[in-house]
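Here is the structure we will look at.
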């Protein structure tokens, strides 16, 4: 039995690795195809403001040096070959290796995304539980109304609203950036960073909250109508005890899974939110890379985000496999 | 004084018909039943006759759209909604009909232990499992790893470890193999001998007769007869109601006579007359017009004009 389980895990890992390889390969191909068809002229983007000082001859030299005149397929293979050696190329905007830029930007984005992810997960779960336990009361109606309102609110609009309220009317939080302006990097405290992160994290978590709250509410309503909860009531369990014994464990797993699977929305949301708050993260880097034609950086970010979303989905699946006894012990039977 | 007394119980559901028109459906009507300490009362009837709803009414777990009429009393005190909430799980235990009643994500041993009210939970649970022939390893299992019969034995364990004075068991035996059925019934009998009152709801007349002191024959939402178990013998001549007699004679060893037992539908649709009037050999015009009231007869109850 143990051997059977081992091979089951091996098979699972192999299948996931295959999926990942296929995903990354197709992400590379599609992104490369789209960018080679885009109106961005890499030479132009590279030269930027130095337009007047660079002559036509020099531009041709740059294009030849980069191999821009080669057929697209050949350029694709050249890019892939260096990619496989770990060379993502050099970012034109930042004049630094793409991998370095991504790592640096991701670290500041990561703090933002984790904060928003935890906030939406915890608040959403609690709101969903409260709504289901007090079903058909004013509390339930208020939470549902809030969720529907928020899930039909565009993130950027919610962000602007928060900006108006909390930086203009009530100047509690800074308007933007990741650190205070005009303060040397060495003097920036942990508290400064946290204060700059609150509004963006709040904005980013808003849509996540309604998603997880509505899902949790529906699931808990189902659980509360189940035979085992009816039986638990007949055994004299009620209120919080009933929820802790039979509600929590039966709704936690789907909620956690959903939350891990929401990495794609998290990343997509970060792009918008970082733009609104001028927060120096990966999302903002994405927008800059695409508007200013930084092709190597854009390709790098696309690959990285695909990996990030894949990791979220993989975690969701692993948690389900290892935590749900129906799957975990069902395999070893 | 009976431990549980149910008088003129009725259960009515409010449903929304097409659009917003409200419709009332009566599922139980004018039902009376009493159980003494140490007594096993079997409630026997076909599925759909309202047996489970009786159990749910006693435990106070009817759906929200149900309304309950009549009186119930436990140990001499009125069994109100708030009193039920205090008693269930402590003095009143329930064996549910559905095997889905076990929490799918909790090991069954733990589910049994949570029901223990006095003594060492683990010890009580192991003793109960041993009593119903469940291997010690079973306590580590999740419900999805159990057969239907095993799950029912776990449910019976949960009811019996609570030390309740009244056990309401709703179809506790289907899916068990015959030897285990016998074992479970014997365990109920032992509990009754030690003073526990048991309401044993079943469609299996034979199983009911094996342990019950009294049998209430249920049809279309009410009891047509309450007989002593000993009355079910021979050709059923000591039975009071023609329906009970037909039920008894339909058993394989009594000739397998399959009669037309009449529609077993909710009362609202056949509200007038005796629910057994159609298909009853004794039926007269009177039977079709008004339902007979329950009356005492030979140390039992019957709801029939023609019973003697």
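Keep in mind that glycine also has a Cβ here, set from the backbone N, Cα and C atoms.
For A:106-320, the entry in TrEMBL reads domain 'ABC transmembrane type-1'.
Within the same chain, residues 72, 75-76, 79-80, 83, 293, 295, 298-299, 302-303, 306-307, 310 sit at least 6 positions outside the transmembrane segment (A:20-40) and bring their C-beta atoms closer than 8 Å to a C-beta of that stretch. The feature transmembrane segment is assigned by TrEMBL to A:20-40 (among others).
Among residues of the same chain six or more beyond the transmembrane segment (A:110-133), those with a C-beta under 8 A of the stretch's C-beta atoms are 139-140, 143-144, 146-147, 193, 197, 200-202, 204-221, 224, 243, 247, 251, 255, 259, 262, 266-267, 269-270, 273-274, 279, 281. According to TrEMBL, the feature transmembrane segment maps to A:110-133 (among others).
The transmembrane segment feature in TrEMBL is assigned to A:145-170 (among others).
Under the heading transmembrane segment, TrEMBL lists A:197-214 (among others).
Marked as transmembrane segment by TrEMBL: A:251-277 (among others). Counting only same-chain residues 6+ beyond the ends of the transmembrane segment (A:251-277), those with a CB under 8 A from a CB of the stretch are 109, 112-113, 116-117, 120-121, 125, 128-129, 155-156, 159-160, 163, 175-177, 199-200, 203-204, 207-208, 211-212, 215-216, 219-220, 223, 283-284, 286-287, 305, 308-309, 311-313, 315-317, 319-320, 323-324.
The annotation transmembrane segment is assigned in TrEMBL to A:297-320 (among others). Long-range contacts of the transmembrane segment (A:297-320) within the same chain: residues 16, 19-20, 23-24, 27-28, 31-32, 35, 79, 88-89, 91-94, 98-99, 101-102, 106, 253, 256-258, 260-264, 266-267, 282, 285-286, 289-290, 327, each at least 6 residues beyond the stretch ends and with a Cβ under 8 Å from a Cβ of the stretch.
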